[in-house]
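Take a look at the structure set out below.
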């Protein structure tokens, strides 16, 4: 019997053993027919496996073999759609004669083998991505203000702390994706998660190595006649040196997360059937998106606990000098990361039964005119450093890959900008507190971002899209979000604020210049160093209780908010005895709020909807042996052109709409009050620029994509995976071998 050969040799597998049945199949129609011939009725000419078909040999551990489970979708088909198995006694084993077991070295207990499946590794990778998102994109963003206050850091210093993550990722991506892609991926992943855990523990270390936090506070700060300002400290605090510890912790976070989103994705992709790969990757990324939402919620809870646990304080969380227990979340996340790295390190280089997917996969890699893409088909390509320049050159000569990277960078810019300044936009437009805005934004991101990510992978699987169809889906999503972004033409009006948006008497500000001085509060001696807005009974906001002329304070027992009385600037003509104000901003009654929220939801939904299809298209437009390295290069492009400059670009645009800046000892600090109309206008401009660029890049990628000619492909496994069109579906006459 002739030996079947892999005509493309793309995956480097040669078949040294014939495929034979030890027992004839009752469904084959011809006893003793070779398995390859039995598949010809499906229009399949691809060799099925580089292993042999054996009859029901038990697994080495004695436990049931999980090799078939990686062929199952996350949602199992209904019984009516289940194909009839060829023969229950037949299964696939690797060419070495035994399947790779889950364990650590020679320790491979049988109780662990049920986890040695694609669903098992998906679970642990989801936990790891959830912890990474919760720590880096949740806790860090939530506690950065508290860290600035506790360790006397400037804004640019805290910005360096945040950027250390991306810097580390960019430094490590090329090395990790190139060598890890050809190595033992679970070991790279496990050690990466371990590094993440160490980074989180290191990030919490300064709390335990510094003295107790001593805050100078006064009960009457901000009241007329009692306004106090902390003295300016020109000399840098000794605590500011801890920023290097935080930067090192973030650097470890970046190093540890590098394998997760490159090798983790390709490990999932090569260990499941091609059709199910987008769904598995979508679940993985959905967990990464839910992580920051949990980080915001849990981190916000911890910030309501005083940082020095067990010590009494007369301060409330609303106090500008309050520092919450920022460090608790990092301790928990660090310990969890160390634990979850242990099972990840135990997974084999390939899951049982995964070799069939590598052999069966039909290449959709972009075809270069000079044929140089065939270099990547060499089984020895990419295993040494000398192949690194050639690998980079091959990717740079792939126009589809390049424009998908550029499109990803534009989408990453929007996502980074939205995640950083989305809460600030809601806070300004709807006159919310910072915590209310963060919670509100979380309610938008969880269903829109998480749902859009999962839905994108589901649509690719549902409609059996091939590479060109996937790029068209990305284009459709980008155009839809481009149309929805025009909602930023409308905005909510600013709440009236005395001396900032209008004069104290309600008239317009001359020339638009600030004027916080007024006769009603002239005798109070108010200083601009303490910003503590209050809402007067007349519906007008004031810079502080002092600027409203308030002389006494009490606490509202119903909601715990401070109530200021005898406010000379509050219009008493409106209501008898109304010369009082309540701490906090005035509540907005903007009628456009539901419409704005609805379209912001749509923008977030369609932006995240294209993320998994774009990632899937990237995996398919490059040769199999370059997938990990291609993801690494893409992440470098996305971070350097999108993730790092995105918040800076959006921040610069939004800062142009600032009305009231913080005064830090004569230096300009952060912005207190934005002009809502200008903020919406600048957000619209930034959104349109990046969405138009993204649309253009997807169009060019679609036009330049050149799929392999049909005759060069080794054949189809089944029509649901490799139909002749983007949306073709075909019911095979015989069941696929994954279901055997």
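Cβ atoms here come from the backbone N, Cα and C positions, even for glycine.
Automatic prediction, not curation, is the source of TrEMBL annotations.
Positions annotated as region 'Disordered' by TrEMBL: 1-86 (among others).
As annotated by TrEMBL, compositional bias 'Polar residues' applies to 1-10 (among others).
Taken from TrEMBL, the feature compositional bias 'Polar residues' applies to 43-52 (among others).
Summarising the annotation, TrEMBL assigns compositional bias 'Low complexity' to 53-71.
The domain 'Major facilitator superfamily (MFS) profile' annotation in TrEMBL covers 121-704. Computed over the domain 'Major facilitator superfamily (MFS) profile' (121-704), the whole-number mean pLDDT of the model equals 84.
Per TrEMBL, transmembrane segment is recorded for 121-140 (among others).
For 160-181 (among others), the entry in TrEMBL reads transmembrane segment. Long-range contacts of the transmembrane segment (160-181) within its own chain (CB-CB distance under 8 A, at least 6 residues past either end) are made by residues 136, 140-141, 144, 147, 153, 188, 192, 243, 246-248, 250-255, 257-259, 262-263, 266, 382, 388, 391, 625-633, 635-636, 639-640, 643-644.
The list of residues near the transmembrane segment (188-208) in space but at least 6 beyond its ends in sequence, with Cβ under 8 angstroms from a Cβ of it, reads 125, 128, 131-132, 135, 151, 176, 180, 242, 245-246, 248-253, 255-260, 263-264, 267, 307, 326-328, 330-331, 333-338, 340-342, 344-347. Residues annotated as transmembrane segment in TrEMBL: 188-208 (among others).
Per TrEMBL, transmembrane segment is recorded for 244-268 (among others).
Residues or ranges marked as transmembrane segment by TrEMBL: 280-306 (among others). Residues 74, 118, 122, 125-127, 129-135, 137-139, 141-143, 146, 261, 264-265, 268-269, 272, 313, 315, 317, 322-326, 328-329, 419, 435, 438-439, 442, 445-446, 449-450, 453-458, 608, 611-612, 615-616 of the same chain lie 6 or more positions beyond the ends of the transmembrane segment (280-306) yet place their CB under 8 Å from a CB of it.
Long-range contacts of the transmembrane segment (326-347) within its own chain (CB-CB distance under 8 A, at least 6 residues past either end) are made by residues 102-104, 112, 115-116, 121, 124-125, 127-128, 131, 134-135, 139, 142-143, 146-147, 150, 186-187, 189-191, 193-194, 196-201, 203-204, 207-208, 249, 256, 295, 298-299, 302-303, 305, 307. Per TrEMBL, transmembrane segment is recorded for 326-347 (among others).
Sequence-remote contacts of a segment are chain residues at least 6 beyond its ends whose Cβ falls under 8 Å from one of its Cβ atoms, and for the transmembrane segment (400-420) they are 137, 141, 292, 366, 445, 467, 471, 474, 478, 604, 607-608, 610-611, 614, 617-618, 621-622, 630, 633-634, 637-639, 641-643, 645-647, 649-651, 686-687, 690-691, 693-694, 697-698, 700-701, 704-706. According to TrEMBL, the feature transmembrane segment maps to 400-420 (among others).
Sequence-distant contacts of the transmembrane segment (440-461) (same chain, at least 6 residues past either end, Cβ-Cβ under 8 Å): 73, 275-276, 278-283, 285-286, 289-290, 292-293, 296-297, 419, 422-423, 426, 430, 432, 470, 473, 477, 597, 600-602, 604-613, 616. Annotation comment: TrEMBL describes 440-461 (among others) as transmembrane segment.
Note on the transmembrane segment (473-491): residues 407, 411, 429, 456, 459-460, 465, 592, 595-596, 599-600, 602-603, 605-607, 609-610, 613-614, 617, 676-677, 679-681, 683-684, 687-688, 691-692, 694-695, 698-699, 702 of its chain, located 6 or more positions outside it, place their CB under 8 angstroms from a CB of the stretch. Look at TrEMBL and you will find 473-491 (among others) tagged as transmembrane segment.
Per TrEMBL, domain 'Kazal-like' is recorded for 514-568.
Positions annotated as transmembrane segment by TrEMBL: 594-617 (among others).
Away from its own ends, the transmembrane segment (121-140) comes close to residues 161-162, 165, 186, 189, 193, 196, 200, 250, 253, 256-257, 260-261, 264, 267-268, 271, 280, 283-285, 287-296, 298-299, 326, 329-330, 333, 336-337, 340-341, 343-344, 347, 351, 419 of its chain (Cβ-Cβ under 8 Å, at least six residues beyond either end).
Per-class residue totals from DSSP over the domain 'Kazal-like' (514-568), listed helix then strand then coil: 6 helix, 13 strand, 36 coil.
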